[in-house]
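Enquirer: Structure provided below as structure tokens; questions to follow.
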Amino acid sequence: MQPLWLLASLLALSQALPFEQRGFWDFTLDDGPLMMNDEEASGADSTSGLPDPDSVTPTYSAMCPFGCHCHLRVVQCSDLGLKSVPKEVSPDTTLLDLQSNHISELRKDDFKGLQHLYALVLVNNKISKIHEKAFSPLRRLQKLYISKNHLVEIPPNLPSSLVELRIHDNRIRKVPKGVFSGLRNMNCIEMGGNPLENSGFEPGAFDGLKLNYLRISEAKLTGIPKDLPETLNELHLDHNKIQAIELEDLLRYSKLYRLGLGHNQIRMIENGSLSFLPTLRELHLDNNKLSRVPSGLPDLKLLQVVYLHSNNITKVGVNDFCPMGFGVKRAYYNGISLFNNPVPYWEVQPATFRCVTDRLAIQFGNYKK
């Protein structure tokens, strides 16, 4: 029965996460830090708090809160109607799953003694208040999942060992300067689904962070934030209200290889804007209001995937995607989507896609007025 509830817990957790996390339940067997979906998106320090199974003696394995399932230092207490963090959690616990309960507050001593805790899952509760010292005992915590709660601010005094924070679908309107101070190991933040506007980010809010992955989707952004970490490899700003990309909007983000801007209201991308992204591999501009293919794509030598479907594009030029001449582009396209655009695809010249791997990589048609 143990493998069954463990598998069920994994499936439930994955539904609450907006991007895939590989090897989440195998962290006790890792020799190094967990990687994100693309190995290059990881920047975790191998000495940043990963629990060593040999150094943790399961002296307290008999302790298990009433109604919970406990196995191999994993304590699973989801869907129990809990109104507070349970007591009698074994001090050798490395993963504590409290998702889908009725917890409304995290108190000072709720996690007392849990110094080996590596991952804390609090998704889908009613948390609106967190004591400033609630996370103090969690010296090795790397993953904090506190999405789908009632938070109006980023929790204070997050553990310095934290690598990944998922706080989407809360009520956060402001990210003040210094809230992430001291989090030198952090490389992934998911904070979409909050009513954040551009003015909600104080100057210097992300100072000191060396993030690889940041997602601020389903918010109220009207433009690309200009003060995000320069270290970003992935930036996802889909489902916002962005209307244009101006010349220097992407100046800071030269290390991006994946940029998500789908489901916005983008009508214009200023010439030269994309030239600041020399390592870009994926560009998502689907479900916007573009009337033409953005200029500058042929100059992005590593670009392989471009999503342009569901726009207002009426014409595709022979040099819109591929550079003139031969041997210039280092990576061939393996995906270009242009479907659901009013472009007469039969008029597009075959040479337009001369730097595409094969014809199946191109998606046309299905346009409906």
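Glycine residues also receive a Cβ, built from the backbone N, Cα and C atoms like all the rest.
For 1-16, the entry in TrEMBL reads signal peptide. Taken from TrEMBL, the feature domain 'LRRNT' covers 63-95. According to TrEMBL, the feature disulfide bond maps to Cys64-Cys70, Cys68-Cys77, Cys322-Cys355.
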Enquirer: Show me the subset of Cys64, Cys68, Cys70, Cys77 whose Cα is within 10 Å of Cys355 (disulfide bond); these are the disulfide-bonded residues I mean.
Expert: none
Enquirer: Among the disulfide-bonded residues Cys64, Cys70, Cys77, Cys322, point out the residue whose Cβ has the most other Cβ atoms within 10 Å, with all shown protein chains included in the count.
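Expert: Most Cβ neighbours within 10 Å: Cys77.
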Enquirer: Rounded to a whole number, how many Å is the Cα of Cys64 (disulfide bond) away from the Cα of Cys322 (disulfide bond)?
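Expert: One finds 61 Å between the Cα atoms of these residues.
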Enquirer: Quick one: give me the count of other CB atoms within 10 A of the CB of Cys68 (disulfide bond).
Expert: 18
Enquirer: Quick one: Cα separation, Cys77 (disulfide bond) versus Cys70 (disulfide bond), in Å?
Expert: 9
Enquirer: Provide the number of Cβ atoms within 10 Å of the Cβ of Cys355 (disulfide bond), excluding the reference atom itself.
Expert: 17
